[in-house]
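*Asks:* Here's the feature list from TrEMBL:
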type	residues	note
DOMAIN	B:10-223	domain 'Cytochrome b/b6 N-terminal region profile'
TRANSMEM	B:39-65	transmembrane segment
TRANSMEM	B:96-117	transmembrane segment
TRANSMEM	B:124-146	transmembrane segment
TRANSMEM	B:191-214	transmembrane segment
DOMAIN	B:239-404	domain 'Cytochrome b/b6 C-terminal region profile'
TRANSMEM	B:258-277	transmembrane segment
TRANSMEM	B:318-336	transmembrane segment
TRANSMEM	B:348-368	transmembrane segment
TRANSMEM	B:374-397	transmembrane segment
Amino acid sequence: MKDSSRRGFMGKAFGAVAGVGAVASLYAMKKSWDPLPSVKAAGFTTLDMSAYKENELVTEKWRGKPIFVLKYTADMLAKLTEQQKARSIMINGEGYLVNLGLCTHLGCIPSYNPDDKSFLCACHGGTYDYTGDVTKAPPPRGLDIPPFKVEGNTLVLGEEGPEYKNMKANGVTL
Amino acid sequence: MAHFEKAKSLHDWLNQRLAVDAVRRVMATEYWIPKNINFLWAMGMILAVTFGLLLVSGIFLLMYYQPNVATAFDSVNYTIMKEVEFGWLWRHIHGVAASVVFLIIYIHMFTGIYYGSYKKGREMIWISGMLLFVTFSAEAFSGYMLPWGQMSYWAGMVITNLFAGGSLHADGLVEWIRGDYVPAQAFLNRFFMLHVLLLPLAILALIGLHFAALRIPHVNNQDGEEIDFEAEAAKYKAGDKAGSKVIAFANDFMSKDMMVVGIYLVFFFYLVFYHYGFAMDPVNFDPADGLKTPAHIYPEWYFLWSYEILRPFPTDPGLIAFGFAQVIFFLLPFLDRSPNAVPASRRGLFNVWFWVMLVDMIVLTAMGKLPPEGIFSTIGLVAAITFIVLWILLPFITKKEKEL
């Protein structure tokens with residue numbers, strides 16, 4: 001009896017040590033797969049907004065992902081609805097689309113047609129208007145807007161400025 | 001220590017230490033196989049041989065492949081294909097085998113479904129087989145990433161995005177799987193590790209389990225006849241080889257298996273030498289570019305049916321339907337409520353169910369390849385719904401089945 005309770009204690013003690021070890025190694029394994037600090041540090045991009053031409057889509061790169069930048073013409077700016085205005089970024093009186101160029105359905109890159117001013121994702125036929133708002137399913141929502149901060153005539157991607165926080169709070173982007 | 005005698009021969013020396021005679025009996029000369037099984041039962045052996053081909057060709061590719069985003073593409077398309085002598089042979093064997101292995105797996109699966117080989121004590125054979133199918137799928141997908149071409153990159157992008165869970169927006173999980181915001185160096189390295197080490201280890205272990213699961217219930221037969229293996233084996237061992245319903249696996253039954261394997265290998269190497277292109281996507285001969293999507297993204301042919309189940313629905317229902325398609329085959333032994341383990345042709349409604357399911361999956365495969373436009377997306381939607389409805393109907397159809 002004394003022996004078996006000793007064995008039982010040894011068993012439980014080993015179980016406890018092994019349990020702590022198992023949880024600790026799972027934690028280490030989880031953290032090993034996290035993005036490296038160098039990957040995270042490279043997560044900022046600065047754009048000079050005065051360089052863009054009207055109704056001409058430029059694809060920039062941020063965190064390895066394509067970023068669409070489109071400067072609106074005066075006509076496009078005038079036609080904005082309230083919902084579209086909320087998605088647009090205003091810098092020095094000029095309107096811009098700055099969106100993540102990945103379809104919100106499964107992550108393909110949509111293409112821009114400057115004539116009818118809309119985006120088409122050929123993979124599954126989703127379409128977006130020139131503010132990146134979804135106009136035809138399957139995409140569940142408009143193109144996502146990357147975290148940005150307006151600094152004079154430049155835009156810093158990867159940093160959350162007040163305009164971006166506002167968009168997030170209003171549910172314009174995720 | 002056990003008692004050892006001076007060995008009379010090398011065989012005797014080994015026998016005392018490794019029990020080679022006993023192992024041979026259990027694995028071969030007294031492993032009993034029913035006589036009334038046709039060539040479809042040789043698919044297991046064909047799969048074992050194909051897996052061997054994948055392993056050997058993979059080892060040779062591994063000697064020159066470089067898991068680096070800057071050099072991976074050239075290490076495959078230049079170094080292995082042009083510089084390494086016979087490098088093209090290993091690549092074509094590996095590529096063709098990776099594709100053909102799924103064709104054989106599907107034949108193996110549908111043979112099992114047709115003859116009811118997943119029932120009455122054979123559930124573990126079916127479940128371990130399905131685990132092998134899923135692991136092979138992960139192995140195929142991780143291998144597809146390695147040449148780091150356009151289709152590799154975008155398949156990696158799309159498939160990892162599925163883990164965001166649609167409206168759940170688990171983007172953190174997706175970034176964790178990739179180790180980066182997009183598929184990049186960390187992603188390539190860890191998929192390389194999965195492809196050459198972790199998943200092959202899992203496959204080897206599961207093959208062991210799959211074989212072990214077969215040992216006690218024994219292999220099913222063409223008539224679904226319940227054989228008393230011990231009585232029949234005794235008859236065989238007593239010399240009545242013609243009267244016994246079973247036959248020793250080696251060397252007697254193996255000769256038939258090997259003949260089927262021989263015919264298969266002729267077909268296999270015909271593909272390797274003359275038609276290897278079918279297993280290589282032309283888009284994957286462009287290097288990966290994170291800023292340009294190919295016009296149509298589609299998986300390899302063997303994933304098309306489940307891809308097409310995802311595609312015609314909006315994001316969330318699509319993901320649910322996709323998840324359903326991935327797990328539902330596991331439940332087959334429990335959804336089939338009939339006690340009959342006989343060929344589908346003798347099971348009435350189940351026979352209809354079997355052939356409709358087979359045709360539906362072929363239709364899904366064809367629609368998955370075509371662009372999702374007009375009539376094709378309608379056919380795809382109908383076929384995807386048919387797939388789900390068939391599985392819902394299965395317990396009701398089989399419950400009504402008369403006992404044979």
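A Cβ is built for glycine as well, from the same backbone N, Cα and C atoms used for every other residue.
Whatever TrEMBL says is automated annotation, not expert-curated.
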*Asks:* Under 8 angstroms for C-beta pairs, at least 3 of them, ignoring pairs fewer than 6 apart in sequence. Is the transmembrane segment (B:258-277) in contact with the transmembrane segment (B:348-368) by that rule?
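*Replies:* Answer no, regions not in contact.
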*Asks:* State, in range form, which of B:124-146, B:318-336, B:348-368 has the highest count of Cβ pairs under 8 Å to the transmembrane segment (B:96-117).
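*Replies:* Ranking B:124-146, B:318-336, B:348-368 by Cβ pairs under 8 Å to the transmembrane segment (B:96-117) puts B:124-146 first.
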*Asks:* Looking only at residues six or more beyond either end of the transmembrane segment (B:124-146), which have a C-beta under 8 A from one in the stretch?
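*Replies:* Residues 65, 67, 72, 76, 98, 101-102, 105, 108-109, 112, 117-118, 152, 155-156, 159, 183, 187-188, 191-192, 194-195, 199-200, 202-203, 206-207, 209-210, 213-214, 217, 300, 302-303, 326, 329-330, 332-333.
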*Asks:* Mean pLDDT, the domain 'Cytochrome b/b6 C-terminal region profile' (B:239-404)?
*Replies:* 92
